[in-house]
């Protein structure tokens with residue numbers, strides 16, 4: 001028993017088994033095999049290593065964005081001149097990565113809480129019975145005002161008239177506002193921190209530059225009109241009814257090269273409908289919201305209501321950094337070598353099931369030993385029957 005165990009262990013440690021191979025001289029099968037192997041090789045080299053960079057590990061960035069608008073707007077409504085600065089036309093206050101720049105508005109001044117008739121054509125009535133409380137969204141008083149044939153409401157009076165949107169936009173001067181974007185990213189795995197104020201972008205350069213995709217692609221100062229144009233929209237159209245634009249700061253970096261080559265790329269996308277769309281009857285066109293400024297006049301609370309139409313700016317940072325790593329390299333090579341086995345499987349199927357001489361190839365490939373004794377010196381596939 002001891003000798004048997006010793007022999008088994010000796011065979012296990014000091015012997016090597018290799019699979020039996022059969023060399024098949026068949027042109028069709030050989031061509032199929034080589035074509036499959038060539039396809040696998042092209043996939044490994046072209047797709048896995050060159051396109052997908054399978055020899056590199058990846059990391060995404062932790063990002064921070066700071067913004068600042070500059071510019072002064074001017075309006076002249078019925079001889080009433082007004083200058084609008086950053087604190088008037090940017091919502092919310094400075095610094096966010098998502099904000100709205102006002103380009104058009106409907107102003108309702110001197111509103112105070114009280115009873116007043118609705119606008120003509122809205123909540124129409126013939127008698128007080130048509131103005132029962134709770135019938136409409138506003139708080140009704142139950143009175144039908146004969147002069148307007150509309151219901152009386154408890155609200156901020158006079159009520160806002162927003163049927164007509166100013167055209168052209170009141171703040172067309174917003175086209176020349178400028179936006180400064182400061183963005184920093186950190187790739188934790190690689191321990192690299194970068195800013196969009198890359199090498200050569202100093203205070204002197206910033207004071208003079210303006211972003212241009214060809215002449216100044218790294219300048220962090222953007223003209224609002226250029227942002228709208230690069231997103232595919234007309235400034236006049238989007239300024240009148242409002243809209244949304246996404247600015248994508250793309251950090252795609254290869255840290256196998258020097259870190260100075262890791263620079264941002266800016267892309268602009270209109271998020272407001274279709275730039276070629278002309279159907280004005282569709283619902284919820286543009287982007288708007290209401291904003292009120294409250295004040296006291298002779299002890300009475302009043303407010304100025306603004307229905308703001310503006311361009312919503314969303315700054316989105318996307319990132320992908322890569323660097324050579326031996327582990328994904330070996331993994332990619334190993335998976336590629338494994339895929340080469342597909343050629344053997346396909347060729348075996350062709351040999352054993354499709355070719356006219358499939359029985360011959362089966363006898364060459366397989367050696368049967370069931371209840372029979374195989375002569376080791378006989379031809380492959382031949383069978384010696386036990387006497």
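A Cβ is built for glycine as well, from the same backbone N, Cα and C atoms used for every other residue.
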Note to self: Please identify the range among 308-331, 332-355 that TrEMBL labels transmembrane segment.
What the structure shows: 332-355
Item checked: Given ranges 7-28, 29-50, the stretch to which TrEMBL attaches the annotation transmembrane segment -> 29-50
Margin query: For a quick check of packing: other C-beta atoms within 10 Å of the C-beta of residue 253 (disulfide bond), how many?
Written below: 23
Item checked: Close disulfide-bonded residues near residue 70 (ATP binding site), where close means Cα within 10 Å, chosen from 125, 131, 157, 209 -> none
Next item on the list: Out of 69, 178, 289, 290, point to the one nearest residue 144 (disulfide bond) in space (Cα versus Cα); all of them are binding-site residues in the record.
Entry: 290
Next item on the list: Using residue 289 (ATP binding site) as the reference point, find which of the disulfide-bonded residues 116, 151, 209 has the shortest Cα-to-Cα distance to it.
Entry: 116
Checklist line | Greatest C-beta neighbour count within 10 angstroms, which of the disulfide-bonded residues 131, 262 | finding: 131
Next item on the list: Report the nearest neighbour of residue 307 (ATP binding site) in space among the disulfide-bonded residues 116, 131, 219, comparing Cα positions.
Entry: 116
Checklist line | Nearest-integer angstrom distance between the alpha carbons (Cα) of residue 151 (disulfide bond) and residue 288 (ATP binding site) | finding: 27
